[in-house]
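Feature annotations, reproduced from TrEMBL:
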ACT_SITE  E453  active site, proton donor/acceptor
ACT_SITE  E462  active site, proton donor/acceptor
BINDING   Y329, K338, Y339, E406, D435, M436  S-adenosyl-L-methionine binding site
DOMAIN    302-474  domain 'PRMT5 arginine-N-methyltransferase'
DOMAIN    487-574  domain 'PRMT5 oligomerisation'
DOMAIN    611-712  domain 'PRMT5 oligomerisation'
SITE      F332  site 'Critical for specifying symmetric addition of methyl groups'
Amino acid sequence: MPGLVIGLFPDVVQHGRYDHHLSVAKADGLSFVIGPLAQQPSPSNPGLLSPRPDLKGLSGSEWSNGIVGLISNTAVQACCESTHGTSQAISDEVEWAMHMGVPAVMFPPVPPPSSSSPPSTLLENYARMMNSTALRVAGSQTGVWMSVNFTPTEGCYREVSRVLMSCEFPSTVSLNLVFRGGEEGEYGLDEYLVHLNRMIGLGVVGITLPTEGFLTNKKGYPTLSKKMQSVVEFVMKRGGEKIRWVLSGQKAHHPGGEDANMVDVGSQSSSEGNHSGYLHYLQYLFHVRNRPSVVAVLDNEEASAERGYLDYLQAPLQPLADNLEFMTYETFEKDPVKYRNYENAVLLAMEDGSHEGKWVAQGGKVNIMVVGAGRGPLVQASLNAVKRFNDANPINRVTPNMLAVEKNKNAVVFLHSRCQLEEDWVGVVRVITSDMRDAMVSESDRADIVVSELLGSFGDNELSPECLDGAQRSGLIRSNAVSIPTDYVSFIAPLSSAKLHQEAKAQAYVSTDPGAGPMGQPFGFLRAMETPYVVRTHSGTQTHSEKECFKFSHPRDLDGADNQRYARATFEADGAYGLGLGSGYLREDEGLRDVGRDVDGKMGGGEGGIVVHGLTGTFDSLLYKKRTGGKEEERISIAPSTFSVGMFSWFPLFFPLREPMFLPAGGKMAVSIWRIKDDKNVWYEWAVEVEDREGRIVGKSNIHNVNGRSYKVGL
């Protein structure tokens, strides 16, 4: 069954028999088994280790794909209570796991305090143990799962964030949230959702559901309460295929009879189709996964197209230096929303021109110029708009004079081919091979409508202002021309995402010259953490609604025009920590936003706090707003509050913070961002400042990327 990865953490795992446990689990569709790593002495000869049939019964690939090793609870307890915070037993278990190539080792939660070990000592020793293990497994294929006895409380988040901040959020450590059965009634659904949303920003890899937390339906099958069904749906929609689900505990449900699920480790016999005894729990999770509300989020065309890009950092384009490749053009042209909206916008502009008498005054001729035409999708959209206009206005038909301006000589080959091969292009479309800032046309060819798709993830970050200003200066457009887009606004918001912070740090080791291979000069930490990245945010939480930064409009008065900008956005206390905004990509969930506002009101500005790892940049663009005969308009947006549903041409821009910052309950964060330019480059600089609820400054970052020292866009 696609879409879920589910593992088994049985109440009893017979030592040395992973081969059997994995066999019966996989027979039911489970993907992996969790069990202890510690070796056991031979019962007949304490001087020897107990034999392990599974060493020959399982292949290396089965160990590396089907087994998650459990670190001994006794060893962790002893380590946390020790005076030095080290453990040879844990080291031995981790070394064994790495030797066998298991994908992960799972640590039990922070031990409960005792009379001899106060909470602070336990927590610090636990953090040291996790940090030591994270460093030990670095470079191997074994990761670390830190189990958390999840409760929707401030104490739970505070404990986890303290551990991870002490470890500097290592890339090898992820969270496994254990839902403890029998406690759900103490908390409301809104509390679960708010705190889960916050936890996702710290890096959740697994959710453990104990069998005792399942209810029993009328036929004896396991089910979940309405509240927990909503919780599971929420995690599925937010985490998707990145989440590993774990079933733990005893087989507590026996539909069809008490003995139906009993399996003998020494025997391969079992009830038909329920080899492990946990099949009904697995089937129930898939039942939830296949609900329309979940399918609508995870199985649509956009989700499928984006799956390979989740949390994958990409350097932003250098639009005036880089030429897009054939496949890149082809991918962008598949966007079902962007070009439809552009076509509608061109049609609105033509209707305005008709109402204003422009086309009649010009003898029925309309000049449409597409700048940065690429392979011609906007040319085609404009031609479609002309046809729709003529079909609706048979008496006042227009004749299009279409010019496509493109600097990429390879894309120009494609354009010339279309001009000769496609019926609606022949004799209508002409190609100008030039940078739009230097192109020249006759007075009769100057544009009435100039169309472009020069926007970047942050609106202006691919130099749309400089390019369109240049086209205006070079005389490509008429004084009364209209631009599509008419304007665009960039937005910024804090983002909690340990995953993206880890990925940004990892860029420090990447060669600055991909062609140089391992001998190339590495990026370096400073440059890695002062570079904004295009990324399909996923494992993260946008903590507040986005705020406006920079706005550009076209065409405009160029006398004294300056494209440098400064913005300061203040994000007030939000006790719901952005519930409903997701990872900062896709349309905000208005229902969850309402839940969040209710929680915020009850909590009086929130309790606890949240870790912020960086900023997410998005944009909203007005393509065109009709001036006559109505108030119709066309927009495109990747800002969560106005997101164009179904559009996938842009992912957000992630501005990392060199050091994560803690935003305390009731506090606020101020973000300063600059857009700076000189004769050769454009770049951004950014900084954040944190105040507590009393207005005291409790955190202040450095200004990142001063003078464009780490990242700039060439003019």
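Quick reminder: no glycine exception, Cβ is built from N, Cα and C everywhere.
Spanning the listed S-adenosyl-L-methionine site, residues Y329, K338, Y339, E406, D435, M436 have a farthest Cα to Cα distance of 24 Å. Neighbour density for E406 (S-adenosyl-L-methionine binding site): within 10 A of its CB lie 26 other CB atoms from the protein chains shown. Reported as a whole number, the C-alpha separation between E462 (active site, proton donor/acceptor) and E453 (active site, proton donor/acceptor) equals 10 Å.
Its own atom aside, the Cβ of Y339 (S-adenosyl-L-methionine binding site) has 20 Cβ atoms within 10 angstroms in the protein chains shown. Annotation for D435 (S-adenosyl-L-methionine binding site): same-chain Cβ neighbours under 8 Å, separated by at least 6 residues, are L320, K407, G470. Each residue of the domain 'PRMT5 oligomerisation' (611-712) gets a DSSP state, and the totals for helix, strand and coil are 3 helix, 58 strand, 41 coil. The separation of F332 (site 'Critical for specifying symmetric addition of methyl groups') from Y339 (S-adenosyl-L-methionine binding site), Cα to Cα, is 10 Å. K338 (S-adenosyl-L-methionine binding site) and F332 (site 'Critical for specifying symmetric addition of methyl groups') have their C-alpha atoms 9 Å apart, to the nearest angstrom. A 10 Å cutoff on Cβ-Cβ distances gives E462 (active site, proton donor/acceptor) a total of 23 other Cβ atoms nearby, all chains included.
Mean pLDDT of the predicted structure over the domain 'PRMT5 oligomerisation' (487-574): 92. All protein chains shown were included, and the count of other CB atoms within 10 Å of the CB of K338 (S-adenosyl-L-methionine binding site) stands at 24. Ranking the recorded positions F332, M436, E453 by how many other Cβ atoms lie within 10 angstroms of each Cβ puts F332 at the bottom. Residue environment of Y329 (S-adenosyl-L-methionine binding site) contains 17 other Cβ atoms, counted within 10 Å of its Cβ in all protein chains. Here the domain 'PRMT5 oligomerisation' (487-574) has, by DSSP, the following mix of helix, strand and coil residues: 23 helix, 31 strand, 34 coil.
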